[in-house]
Each structure stands twice: as structure tokens, then as C-alpha cells.
Amino acid sequence: MAITLNNGFQMPIIGLGVWRMEKKAIKDLIIESIKIGFRHFDCASDYKNEAEVGEALCEAIKTGLVKREELFITTKLWNTDHGHVVEACKHSLKKLQLDYLDLYLVHFPISIRHTGIGANGSPLDADGVLDIETNISLETTWHAMEDLVSMSLVRSIGISNYDIFLTRDCLAYSKIKPAVNQIETHPYFQRESLVKFCQKHGICVTAHTPLGGADANTKRFGTVSCLDDPILKGIAEKYKKTVAQIVLRWGIQRNTVVIPKTSKFERLKENFKVFEFELAKEDMDVIQAIDKNYRSNIQPAKFWGIDLYA
């Protein structure tokens, strides 16, 4: 099952996110996920595991497990490389052992002090606050992203963590419209206005943290997971599915792409079994009603000394 992007390319509606995956576990997880049926993998330079992902993809292709054209590989431009878009993209391609990317995203709508191609990190200033660059506009970054398409390094380009205002601006100054906006969205943080705005203007929404971050975000950010919600547990019992399957199915029925992350083989199989059932409208409505406008994942103030969402 796939969504057709605004440039005609097909994007699988479910993928595997590799954020916070242990390097030593990635190869086996990706190989197993391909065997299960996953074809979409969501990476980023800042995840610091592109090389390991590349090794796994290379092995899968060389052994005939999958063909390159059957895969959909996403990675992202980190904040320190807004002034070095082409070089950063080529650096990621080399690590991933690919000739082209299916999708390249601007990871965050902010440029910070450059620390070297692919060096990543979030440099702070003398006051312990994120060292933001003020001489590179998002428009400049976007036009450099557009160059990647003309250079055949990337098939589709998109944005990530953009709100309505920034998305609207990107639509205004772009020659190539963003194909995707990847944002945090889940039952506790539904962001209906942003999702509908993007979809109205032909931008596919990808839900990162589609399960609300679960235990990982509880430990990292001290946030609450929607997977413990009693209403969702009741719906899961009704359908004889796990709460995670219900939440992923809800995301798919909103016409959003979902990219759950897991390091457990049994969860890979579980997460992929979301095409065997459909939620009734009444249950979709019930889930819509539990929205708390509650962000569980990206908490920049915790690490960057500044609240970018204030």
C-alpha cells in the first residue's frame, strides 16, 4: 500500500524508522524487516547510523533479497549543513551506498553553525544556547534542495518539523513543491489543522513518532505514551489487536505515512500487520476525541537551551 506523491512517485505508507537504533543491531533488523515486507526506511544524517543502514541495504540488494527500485529510502539534511546541501547529500549517499535517494528532507527549519560535512551535533554558544545562523534563509536552503533533483541525486524533496506558516512559505517560494512534511503526530498530538493544510496543498504527511514514542520517549523526555490510554486499549480489545496496531491503522486511515521504530523482531511483524483490518468510522471518531495537543518527542529546550516551539 502506497501514497502517490505530488511528483508521481510512490511512497510506501508504512516504513521503519531507524532513529536510536543500536548500530550493531541495524543489519539484522533491516534484513528481517525486508523479509517481512518493509520497503520504506527512514534515516537521517543526525541518527549517526547511515553507514550501518547502507551495509544492510547493500547486502539485501546483492543477495537478491530485494531490488534497489523496490526500496524507498529517506534521509535528512542536518541543521549544521544548510549552507552545504549538495555536499551533505553526497556524504549521506556515500554512507548509504546508494546512487540516489527516494526522498531527502530538511530535518528542521533552522540553520545552525556549520561544524563540518556530516559532523552533525548541535553546537551551543557561550551562553549554552543553540548557535543559530542568521545568514542562511530557509528559502536559500530549499533552492539548494531543488538542485539535488536536477542533479538526479534525489527523486523527491521535502520538509520536516515545519508548521503551517513555514509550510505555506515553502509553497510560495518553491519551484519544486515539497512532496512530504514529516512531523510528530499521533492520537495525543493529532495536529489536524496542519495535516489537512498539507494534504490540501498536495503535501504528503509522514508521521514520525506515530506511536507517541512509547517507553523510549518516556525515559528520554519524561513524556506520557498514548499506548497506555484506556480508550485505545478498549478499541484494541474490540478488534483483537495490539494498541500499537490500532494507532498505526488510525494513522494510515488518516492518509498519513507511518514510520514506527522498533528494535524487536516480533514488533516488526506486528507493526506490519495493519492491512488485515480497518477501523470503523465510529472508532476513528473516538480516537479523534482523545487528542491532547501533547508533544511527546521533540523537546529542543531540554538539549538546545531554547524552545523552538514557543
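Each residue's number is its place along the chain shown, starting with 1.
Glycine is treated like the rest: Cβ placed from N, Cα and C.
Taken from TrEMBL, the feature active site, proton donor applies to Tyr47. Over all protein chains present, the Cβ of Tyr47 (active site, proton donor) has 22 other Cβ atoms lying within 10 Å.
All protein chains included, His107 (substrate binding site) registers 22 other Cβ atoms within 10 Å of its own Cβ. Here TrEMBL flags His107 as substrate binding site.
Across the domain 'NADP-dependent oxidoreductase' (15-291), the model assigns an average pLDDT of 94. Annotated domain 'NADP-dependent oxidoreductase' per TrEMBL: 15-291, in sequence order.
Among the features that TrEMBL reports, site 'Lowers pKa of active site Tyr' is placed at Lys76. Around the Cβ of Lys76 (site 'Lowers pKa of active site Tyr'), 27 further Cβ atoms fall within 10 Å across all displayed protein chains.
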Quick one: pull the CA-CA distance for His107 (substrate binding site) versus Lys76 (site 'Lowers pKa of active site Tyr'), whole Å only.
5
